[in-house]
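Report on the following structure.
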Amino acid sequence: MMVFAFWKVFLILNCLAGQVSMVQVTIPDTFVNVTVGSNVTLLCLYTTTEKSLEKLSIQWSFFHNKEMEEPISIYYSEGGQASAIGQFKDRIIGATNPGNASITILHMQPADSGIYICDVNNPPHFVGKNQGLLDVTVLVKPSKPFCTIQGRPEAGHPISLSCLSAFGTPSPLYYWYNIEGNTIVPVKESFNTATGVLVIGNLTNFEQGYYQCTAINSLGNSSCEIDLTSSHPEVGIIIGALVGALIGAAVIICVVYFARNKVKSKQQKNLNSSTELEPMTKVHHPQQSEAISADGVQLEGTLPSSIHAGHNTEPTTTAVLEPEYEPNPPLETTTQPDPEPEGSVPVLAPEAEIQPHPELDPETETEPEPEPEPKPEPEPEPELEPDPQSGVIIEPLSKAGEDTVKA
């Protein structure tokens, strides 16, 4: 180590210079075991040929493990002034009497296990054995081990049981037992006490039931239990949970699917109904005009037959009113005597009846709306020639809704 090499070189130089002053360090207990959480005193005694102790220095260093390259300083005292450093701050109390370089460490923890170095110097005394080493181990009771199963716990399958404690110093040994009622019996199969692994070649050849693993060291023991059966309940629980989750997901998907289809079907039905009702509101006026025009043609066609029917009787004249194209014109029945020649008979104009609107053909509800036809222009009425037998001439009236009869 570099520290030791330095002191050896320094010792050789002092010897060559003729110096004979020496410091001697003694370690009573090289190996120290301490229980976790307790206090420990690390003894380090020294002697010096120099009477004066004013320049005496004491230093403690620590190796957490042997792989550390350099030790770390945890305590230093010189001239009556002392201080603790690092993870040991406020946890170290140093001795004050001459010849004693011991320290007491409070509340030891597992991380405090390692190598401690006591180094004493009293200039000009640099010759002699001024260092001492102590190996300190913090003892920890085994923590509760973890029992696990490797392999499938089914008949005919090889499996193994393992047992491991996270903490425990010294390292615990592991033992397997079979629980039969209130009795704990060591297993017949062989197992590794250092690793805690119990190998079972064939589950059918192994007695089923509860098994216990116990971790033991010098401070105590801890145990864990495991249930080993061919039909392990944990496997059934996991399978049941998976099946239940899949069924639940399938039900939710089906409900959402049918609900969306129902909403879409209802929306489509409402859309079709509104499309069918649109042409029904636009078919009244064109058919009404056509109906009025047809009635006018029918009245016009009946005029000659009425006149010819009375040719062997007294001469009579029937006036026919042509329907107006204006909607619902008020019609009056009047008789206006015009200057007529003798022998003519006035004829009363019949009262025009307002034709009711024709009922809609049910077929038009489903047919698209017809395009409105252009309104036909009224044809000029032909002039009526006098009937040679009756001598009556029909002329249209000058006012709406009236006719004049001339003989």
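Don't overthink the numbers, they just go from 1 along the chain as shown.
From the backbone N, Cα and C atoms, a Cβ is placed for every residue, glycine too.
Some features that Swiss-Prot has for this protein:
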- 361-371: compositional bias 'Acidic residues' (COMPBIAS)
- Ser273: phosphoserine (MOD_RES)
- Ser274: phosphoserine (MOD_RES)
- 268-289: region 'Disordered' (REGION)
- 318-407: region 'Disordered' (REGION)
- 1-22: signal peptide (SIGNAL)
- 23-234: topological domain 'Extracellular' (TOPO_DOM)
- 256-407: topological domain 'Cytoplasmic' (TOPO_DOM)
- 235-255: transmembrane segment (TRANSMEM)
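Around the Cβ of Ser273 (phosphoserine), a 10 Å sphere holds 9 further Cβ atoms from the protein chains shown. Listed in sequence order, the residues of the same chain lying 6 or more apart from Ser274 (phosphoserine) and placing their CB within less than 8 Å of its CB: none are present.
The average pLDDT computed for the topological domain 'Cytoplasmic' (256-407) is 52.
The DSSP secondary structure for Ser273 (phosphoserine) is helix.
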